[in-house]
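Could you have a look at this structure, given as structure tokens, before my questions?
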């Protein structure tokens, strides 16, 4: 073990700047208390670094005395300290790159030394990098050679730029100039360095752009940023990626069939944009070109000229398709294809042929003109004019021929009638335009058939069905029936339902039997939601096309009693009954309240009755009106009656069975009436006698009212009489001339009577006789209260669909050529096979043929056939080979000519030789070899020589099949001549490395039965391309070396493989351009083997890890490369001893240093790593010091226990440092430490607190008290000084230093000002003593100063106030009683205690015995009664004296004047009421009423007179609501009305509702009065009860009476939400709607009563304020108007009387009683 000892002595001056002051735990720890500055490099000399004096806590004025300086030579080299300001400045230019190189952080250690005492401070100055270097590339220009076949996303590494700056100023990003092919990818190494790579984003194309110029820019992160650029030239290498392309894909040539051999057809031209051999082109026939075509045409391989090499025959083939390919010389070869189409012209040597394509037979009789019934194809094998064919038709037939090119259609020329003509014979003649003309004829026999031309018809134009609501689903509604005169399927009918109702299909409501027309309900209907349901029923026959008819079925839902009544008023909780108050003085018939209910049902089911149940508290005390619901008292109330009555009222409807609802009302019997509205109506019985004037006014008022009423009655009778003369019938509303008068002549009323004989229910059905007439007016007698009319609009006539023409039906027709006999036989028949019977076909006897000498002419194909004359049978005489006779012609005919004698006749027999499947498809070769480049693009096509099949038609080649494989698919192309040739289509990319050879089997199959086939084997060789880059067996390699490894040591051997073959798989290794020059000097790589070896010195202390970037390139074209990284870790050895560095050290230590005080900071380091670099430090355990390990390589020397300088004044501390290597190395350092005495004792006062009592007004400068303290320290630490401090909590104005002063050394406290008790009563302050130590120690004591009061303030009079020279005057009455209080003297004294006790004394008085003053209170009172002999003015002098020593006093003078009091003050508050003699209030009311009634009567009479005069002048033909006969509109076909009425006594208004059930007729509501014999339509509202029908508004609508509108304050909803002319909106919820309906209907007879019992205002009809002024009766939904609630018995006269009776005398009497009480 090696040990190096170093001794540290205080006698050596070199250690002075290494001494550092104490490091306290709270402030100067190494980690948290280190001072660090930062300064930019290249800063000018004198640049401020930091304020050292301020940051170290040093005073600037002490810097010179303490000789502040920089301690180390390195510190003085770069920095300097200015003693005048204490700042640290730069002393020379700083170059960070020179000082720290590429280190991420550059920190310089600066030591600052101060003496007296000696202190050493360690500072750190960080040199911040300045962006003063620009990035630069190793080479400014670089060339890249990239093949145009390089794959997209391929990366090409580039050299990195170098920047000496660090951090953000180093290279931060790379930019590539915008271009269309490359992008830039920047990768980051483990050390943070960036290196760029070019990424191919778009495929290169040398033909488009052979060279690209790129600019790579490296930008650092400085501000401003610096950059460097490099020029990159990308040269695109050519590959054979373009196939030769013809200037046209298809060439067309016309040539005569007599063209001589060698004639030039055309010259082909193909071009290839590639260069060199890749662009040289040669021409050849494609594999799809047949051998027959190759014999007829020749192709020059270099020039591309095509010439005739054989004889052309139009009959053999009029068209030739030649496939030509152009192939380059590249590797691999690529080829292009084109098609040469050769048309051969022919002469006119073929007659036309008429082929029947399609025929409609029979033809339907309803076929419209121009309908196609037959299609023909007329063809002529000739071309040009020789092939132009015309087709003629025989005359006198209803058909015509239309032409479209060579296709003809047989169309109808006029309508057909099967009953007139059922069959036609049509002859067609075809003729060409050649020379000579050739023709062909065809005869057709056409029949005419019957069609479905009659649509079904319903037996009725419309149907009505009636269904009670709540009927179960499946109920039969009605049955509809229709008929069809057609037969068969045309007369079979099917019923169905169409259309929608309320957005839902109508079939969801009802169901119809499709066979018999029975209509059933699908669901349960609710009358309150739906009254009328129109359903459209459709009937269709089964013809084709089917015909249909429509009919509408109106389903009327009949109401059932399924809703109990709903209580609207009184409204209250179910558990808490409504409370009503009734005075005990209420007479019999007093109106308590009114129960209002509503029933959602309609008609008779909605009639409500009210009944008081016996369960009420006293049923005999109250009475409930059966129809109005009014609750009244039945007798006079008694004191014995229960104070709170519970009334249980039953509300029942008149349904069967009836439904009911109960309501509970609490009635409180009270002394006085609370509501004016509850007064009895017979109030006139209790009126008292009026004064005479009042009686006269009442008589005058009654007389004027009677006269006015009589006048109105007479005038109304006169008007009615004139109107009655104009009408034809006194009881009918319609005019005499109205055609609607017959409505009632055909009505069928149905009456339902009650048990007592009264009318209960009337149902009227009105059926008009004139379908064109319609009247919407209504007329009823005053005995009718309600009418509900339902109008049905006439059903629209059943619609008919337009008749559709019958579709063309194709049928196969069998034709027979009338000009010749044709037979057909298959080929290859044996000899003697039967062909046909000529005798039978000619229709002659066999014997006649023999007698006629039947002969076969020799110019025909007679060698193949023979005729047996005896039998007339034609037989095969020789084997027939169709392929030899006709080749590839689709049809093959042999002709046989026969002749007979007597007479001479010739017969031409045509025998068609039918092909049989006797030949298999044959490929030219059984083996096919293809060489395909593995980079061939998807979709590339590779033609295969087609197979040949000598058969024709379906027996010839039909399809190809390819064996299953992953890469290729088969595409079969068809030529214009019908030939098919196969092509291989690349579906999946080839990969030679995956599969070098592909073996496929191509099968050709014909369409025979059974089919025949043949196969050829296809071998595909995949040509290699350099499409695989080298691949390392690992993406990264790792190696470990010791730092003493010799040169040539193997680091690692790399292994990369390339699956390509040949040069494409030959690999070369090299170090990447991203490796630094220093790394290249240490390591080398073998380019063949990939071995990396050491060629330089390895030093662990210089670098522990090396990251080597290696690239492997193949030798293919283009070159492809791959990269990997090799991480070499250097292993350390123990060859460095530990180093002990004193970072900070204090050689003198205060004795009061706490345990844990930092004495020195030690930094140990060992350049080795691992255990060899781990260092352990320790000190002797006998010393009061210890080492603390702050962090790795950092220790602090701390005090372990408290120190005592008197016991030990000096220590030598030895620090030992050793590593953990083998063998271990160590080093020792000795530190001398001296203890220094400190001021560790604070002064102590002799007393904890002092108390002083001082009288006010004390003399200035007097000593109040002396405080004293002692300090056990000596010299400077024991020198004491005193001072006064203000104590918290003392009043703000009581600053002790204002009143007191203390001697700084003796501690005597003196008064600076006299004290005033009235201002200050108490003083409290601290006295602080401090010693002269550093830091000074202090102590405090508390001093209490109490101020004693002195009698130095005289009393002060506050009341009565008077001036200094004046007296206060007081006035009293001569009648003032004895001991009366005259005044009170009030005074105060500013002193306190006994000095503030006051007493009052009467010192002087004009009459001393008349007045006295209370000693303590100061009250001045009279002692006796005043006498006349007493003076009128008395002067009193009152003295106020305190109880001090000596006492102080104050006097006040009072002057008391004796005077009489004013008369106004003696008057009482009572006032006598003088009788004004004016008119009583009732008299004024009567006068106003008389004037008002007179005015209103006069105006009313005038208006009524004018109206009657105008009506009298109107035409006499007007009715109830029609102005003339012309205004009547056609009535609906069905009128269904419901009239409901039960008269009540006193009814003044009758409401009539007219409801339309047939859509879209409107609904009407009318109102009548007993004096009116006409009906005026007041409200017209569209019906909402009919589902699915949109209502239509009538042409006229009367404006509603404005008196029935609501006030502005009762407008519903948002203010202003309705316009002035439109009605207010109906309430949104059902409850509000029903409530409003009931309130409107129940109060209809009380509309004129301004205080109706339902609580409404003027003109509100008793409605609450929630509904707006625009809401009139016309806004009530019509389907809710069926609710009937009996009205009130109140009349207009009663209401008027009630209003006039309010200011009655009875009320005055009651008021008088209240006053008396």
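Each residue, glycine too, has its Cβ placed from N, Cα and C.
So TrEMBL lists the following for this protein:
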DOMAIN    31-137  domain 'Cadherin'
DOMAIN    138-246  domain 'Cadherin'
DOMAIN    247-354  domain 'Cadherin'
DOMAIN    363-458  domain 'Cadherin'
DOMAIN    459-567  domain 'Cadherin'
DOMAIN    574-682  domain 'Cadherin'
DOMAIN    817-923  domain 'Cadherin'
DOMAIN    924-1032  domain 'Cadherin'
DOMAIN    1033-1140  domain 'Cadherin'
DOMAIN    1141-1245  domain 'Cadherin'
DOMAIN    1246-1357  domain 'Cadherin'
DOMAIN    1364-1482  domain 'Cadherin'
TRANSMEM  1482-1506  transmembrane segment
REGION    1588-1629  region 'Disordered'
COMPBIAS  1594-1620  compositional bias 'Polar residues'
REGION    1689-1717  region 'Disordered'
COMPBIAS  1707-1717  compositional bias 'Basic residues'
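For each listed feature, how buried is it and what is near it?
The residues of the domain 'Cadherin' (31-137), classed with DSSP into helix (H, G, I), strand (E, B) and coil, number 19 helix, 39 strand, 49 coil.
Averaged over the domain 'Cadherin' (138-246), the predicted model has a pLDDT of 88.
Here the domain 'Cadherin' (574-682) is broken down by DSSP into helix, strand and coil counts: 10 helix, 46 strand, 53 coil.
Residue counts for the domain 'Cadherin' (817-923) under DSSP, helix first, then strand, then coil, are 19 helix, 39 strand, 49 coil.
In the domain 'Cadherin' (1246-1357), the DSSP tally of helix, strand and coil residues is 8 helix, 48 strand, 56 coil.
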Helix, strand, coil residue numbers for the domain 'Cadherin' (924-1032) per DSSP?
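Helix, strand and coil residues of the domain 'Cadherin' (924-1032) number 3 helix, 54 strand, 52 coil.
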Run through the domain 'Cadherin' (363-458) and tell me, per DSSP, how many residues are helix, strand and coil.
4 helix, 50 strand, 42 coil
Do at least three C-beta pairs under 8 angstroms join the domain 'Cadherin' (924-1032) to the domain 'Cadherin' (247-354), pairs 6 or more apart in sequence?
yes
How about the domain 'Cadherin' (1033-1140) and the domain 'Cadherin' (138-246): at least 3 CB pairs under 8 Å, pairs 6 or more apart in sequence, or not?
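Yes, the domain 'Cadherin' (1033-1140) contacts the domain 'Cadherin' (138-246).
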In the domain 'Cadherin' (459-567), how many residues does DSSP assign to helix, to strand and to coil?
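The domain 'Cadherin' (459-567) comes out at 7 helix, 53 strand, 49 coil.
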